[in-house]
Amino acid sequence: MKTPVRVAVTGAAGQIGYSLLFRIASGEMLGKDQPVILQMLELPMEKAQAALRGVMMELEDCAFPLLAGMVGTDDPMVAFKDADIALLVGAMPRGPGMERKDLLLKNAEIFTVQGKAINAVASRDIKVLVVGNPANTNAYIAMKSAPDINPRNFTAMLRLDHNRALSQLAIKAGVDVAGIEKLVVWGNHSPTMYPDYRFATVAGGSLKDKIGDEAWNRETFIPKVGKRGAAIIEARGLSSAASAANAAIDHVRDWVLGTNGKWTTMGIPSDGSYGIPKDVMYGFPVTCKDGKYEIVQGLAIDDYSRTMMDKTLAELEEERAGVAHLL
Ligand SMILES: NC(=O)C1=CN([C@@H]2O[C@H](COP(=O)(O)OP(=O)(O)OC[C@H]3O[C@@H](n4cnc5c(N)ncnc54)[C@H](O)[C@@H]3O)[C@@H](O)[C@H]2O)C=CC1
Ligand SMILES: O=C([O-])CC(=O)C(=O)O
């Protein structure tokens, strides 16, 4: 039996939490032979704590063989104690008519507090995924609030955008999602993101050539992927939850268990690649191996792509300036 991995999940009684925890406990994130201890954080309010107790009762009722322990708490110092992995989900979601960056000042403080707690008590090798919006800038805040942890261990979720793009491409080209490789979504998890299939392949050939429709790329595909979150809020009255939880599972699974040479997209602190200034939390194409990610290097950036990549960068820099006083 492997040693259990401690997984901290914030916002555990929320919508995404409800779609996420059961899949982690069943082994879908870290493997069917990997026991986990769930360390769940919720707000120190009776309603949130009662809801968390209910979720924990349901987890108990599943009798998951891999669930080696559970902690429910309102204290970040307890939730992140010795945590190997943290999914920072707990934050206010947007409603109709809002942009994710409208949440910035409302949610930013959560990530200074939690970054500091991670710095104080978590495993020195903790892997952090920020889901709470605006995810890139919140991940940047958490990273800067945890100076003793390697900045590379803080990441933001672009995987939902990557998965959305995959499905739209598969529908357009009439191919299986599983056959598409080498896709990337550059930049911010916001409508400025740049889903880029110039390098994508299907059955060994170019997906871009197969689709052969640049007007569709610019006028339909890019805006559709960028505004998908808003379309779901419009339709459901609530922001995406099951698909967001699914993307979080995909992100962490690939980071920990590897991508076998395949590309995926992660929001990571830039190392200066592709002209993105160091530390900006930006969506890059990566491969993962042995618990580490590497940026795919050497991709040609044409003029249109440069403009798109700079636009989403400018938004991230603006968001970063807006929270500078907190850091
Ligand atoms: N990056 C991405 O692709 C996506 C991000 N999101 C974001 O994820 C976040 C959560 O979404 P939902 O689960 O739908 O929201 P929700 O409102 O259903 O749940 C959030 C939960 O977090 C808790 N919470 C709030 N502040 C907290 C804190 N400081 N510590 C611990 N718990 C706290 C709340 O009590 C609530 O139970 C939102 O910010 C949403 O915008 C949602 C979908 C996709
Ligand atoms: O759009 C939202 O506010 C929720 C989210 O991040 C998404 O679904 O991509």
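Using N, Cα and C of the backbone, Cβ positions are placed for all residues, glycine too.
Per TrEMBL, the features are:
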ACT_SITE  His189  active site, proton acceptor
BINDING   Gly11, Ala12, Ala13, Gly14, Gln15, Ile16, Gly17, Asn107, Gln114, Val131, Gly132, Asn133  NAD(+) binding site
BINDING   Arg94, Arg100, Asn133, Arg164  substrate binding site
DOMAIN    5-154  domain 'Lactate/malate dehydrogenase N-terminal'
DOMAIN    159-320  domain 'Lactate/malate dehydrogenase C-terminal'
Other Cβ atoms within 10 Å is the metric here; tell me which of the recorded positions Arg94, Arg100, His189 scores highest.
His189
Chain-internal residues near Gln114 (NAD(+) binding site), provided their CB is under 8 angstroms and they sit 6+ positions away:
Thr10, Pro76, Phe80, Ala86, Leu88, Ala142, Ser145
Out of Gly11, Ala13, Gln15, Arg94, Gly132, Asn133, which binding-site residues have CB atoms lying under 6 Å from ligand 2?
Arg94, Asn133
Within 10 Å of the residue listed as 'active site, proton acceptor', Cα to Cα, which of the binding-site residues Ala13, Arg100, Gly132, Asn133, Arg164 are there?
Arg100, Asn133
How many Å lie between the Cα of Asn133 (substrate binding site) and the Cα of Ala13 (NAD(+) binding site)?
17
If one looks at the chain holding Arg164 (substrate binding site), which residues at least 6 apart in sequence have a CB under 8 angstroms from its CB?
Val225, Arg228, Ser243
So what's the mean pLDDT when you look at the domain 'Lactate/malate dehydrogenase C-terminal' (159-320)?
98
Recorded positions near ligand 1 among Gly11, Gln114, Asn133, Arg164, His189 (Cβ under 6 Å):
Gly11, Asn133, His189
